[in-house]
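Enquirer: Reproduced below are the annotations present in Swiss-Prot:
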{"type": "BINDING", "residues": "131, 135", "note": "heme binding site"}
{"type": "TOPO_DOM", "residues": "1-8", "note": "topological domain 'Cytoplasmic'"}
{"type": "TOPO_DOM", "residues": "30-161", "note": "topological domain 'Periplasmic'"}
{"type": "TRANSMEM", "residues": "9-29", "note": "transmembrane segment"}
C-alpha cells in the first residue's frame, strides 16, 4: 500500500468514526430528553398494547385526576404529596417540592412531569393543572377516553345547564 492510499484510508476511517460518534451522541441526547406519557394504570400494569413498564429513573409524564383526600402538605416547606388516579383504577403517588398551580385542586385533572423514583411514585419537577372546568390536557383526555364509557345525555339533561 502506497502512502497516498494509506492517507485516504486513514481519512475515511476517521470520517466514519467521527460520524458514528456524532450520531451516537445525538441519539443519547434525544433519548435522555424524551418524556413518555403514561396513565397511572400503565405505570402499575404496563402499556396496554406492549406491557412495557416505565423504568425507575426514567423521565415520564403522568396524567389523571387528583384523588380527593390524598393531598398532604409539609407545613415547614413547599413539599406536597398527592395521589393521581384514572378510571381504570390505577393510582400513583406524586411528590412535588415547589409551588402548585393556582388552579390545582383535588378531583381535578393534572399532568405531572418528573422522574419515576420507585414503583408507583413520581418525583415531579412540573405540575400542570387544567385552566377551567371544561379543559383537559389532550394526553389525559385521550387516555381517559380509552378507559371511560361515554355518557349519553337525554334532552332534559342537556338543557338543564
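Just so you know, glycine gets a Cβ as well, placed from its N, Cα and C.
In terms of burial and nearby residues, how do these features look in this structure?
Expert: Within the topological domain 'Cytoplasmic' (1-8), the DSSP-based counts of helix, strand and coil residues read 6 helix, 0 strand, 2 coil.
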Enquirer: Sequence-remote contacts (6 or more beyond its ends) of the transmembrane segment (9-29), Cβ cut-off under 8 Å?
Expert: 1
